[in-house]
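J.: I'd like to ask you about the structure that follows.
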Amino acid sequence: MSFRLYVYYMALGGAWAALVAWGVSWIVFGSAGQTDWWKLLLEASGKGSLLGAFLGALLGALDALSSSGGRVSAIAPRAGVGLLLGGLAGLVGGGIGQALAFITEYLRIVGWLVAGALIGLAISVWDLVMLLLARQKTQGALRKLRNGALGGVVGGVLGGLALLIIGQLLTPLLSRTQTPISPAAIGWTILGALIGLAIGLAQVILRDAWVIVESGFRPGRDILISKPVVTIGRAEGCDIGLYGAKGVEKNHARILMDGAEYFIEDCQTPGGTFVNEKRIAEKQRLQSGDRIRVGECVLLFRARARRRAVDSRSVAPTALG
């Protein structure tokens, strides 16, 4: 999917995940609340865990859907890890928020800040673990983790603030009108939407390199380059899947990340790989704006200006020649 759709679905998914989590928490904990401090702490931790689990699972699945092209084998493990780690994130954040709320209710935002940051980390942990197990470079995965955490912090702060404001404004109003609408349900939904939105925006705004599918299988897709080796082809396990495309081999080409530089190499295919309509004979360095053609599919490579600046300095002639 495009980055615009990615951000939209992350926000929408976050909203739905939080609303469902609120419904489950209402069934489990009820709406009366507790009075003893330790019961309040346990309840807040439990509710936070439910919210974090649903957010981690759905946002992790959406992130994997965007990067994998819809492969179930890629979505399921990331959703599972997001469910587990997101639950732990919400447990920690909910407990911290409630503990600080004993001082003043506004400090509860700190708990959502922590939960948001940990949820942002949770949805990208699987990629890092796989790279570590394969003993590959992890700089791209670490950048994605950083971006997710930063987005989670922003979303947690904004969402936590919105949750407090909604509670203070709507609770007296709705209690007078005796409406069945719950301020907590509205607040949780907005909180989830803002966490998902901020994580999605952070991944897009802070990205370093990406590929746009201009023609071929599912044109218009944006694929983030966050691995040291990104495979292109029509095989199920390819990172950039071009399924059913004419002239594309199962494993056709690879984009390689080496520090601040990116390269493309052909996997010894009969039809070859072309960069700006020139067939490459060996590994070739990519510049932002290069068009990669494999079979009848065209991919546009993009990199941030900072990357290009670093690259230009790295090849500049020195005084020693």
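Even glycines carry a Cβ here, placed using N, Cα and C.
Pulled these from TrEMBL:
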TRANSMEM  7-29  transmembrane segment
TRANSMEM  49-67  transmembrane segment
TRANSMEM  79-103  transmembrane segment
TRANSMEM  109-133  transmembrane segment
TRANSMEM  145-166  transmembrane segment
TRANSMEM  186-206  transmembrane segment
DOMAIN    230-280  domain 'FHA'
J.: So, does the transmembrane segment (109-133) come close enough to the transmembrane segment (49-67) to give 3+ Cβ pairs below 8 Å, pairs being at least 6 apart in sequence?
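T.: In this chain the transmembrane segment (49-67) contacts the transmembrane segment (109-133) - 3 or more Cβ pairs sit under 8 Å.
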J.: Helix, strand, coil residue numbers for the domain 'FHA' (230-280) per DSSP?
T.: 0 helix, 23 strand, 28 coil
J.: When you scan the chain for residues with a C-beta under 8 Å from the transmembrane segment (186-206), skipping those not six or more beyond its ends, what do you find?
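T.: Distant Cβ neighbours of the transmembrane segment (186-206) are 3, 6-19, 21-22, 51, 54-55, 59, 63, 112, 116, 119-120, 123, 143-144, 146-148, 150-152, 154-156, 158-160, 162-163, 166-167, 170, 224.
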J.: Express the predicted model's confidence over the domain 'FHA' (230-280) as a mean pLDDT, rounded to an integer.
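T.: When the pLDDT values over the domain 'FHA' (230-280) are averaged, the result is 90.
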J.: Other than its close neighbours in sequence, what residues sit by the transmembrane segment (7-29), given a CB gap under 8 Å and a spacing of at least six beyond its ends?
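T.: Hits for the transmembrane segment (7-29): 1, 43, 46-47, 50-51, 53-55, 57-59, 61-63, 66, 155, 182, 184-185, 188-197, 199-201, 204.
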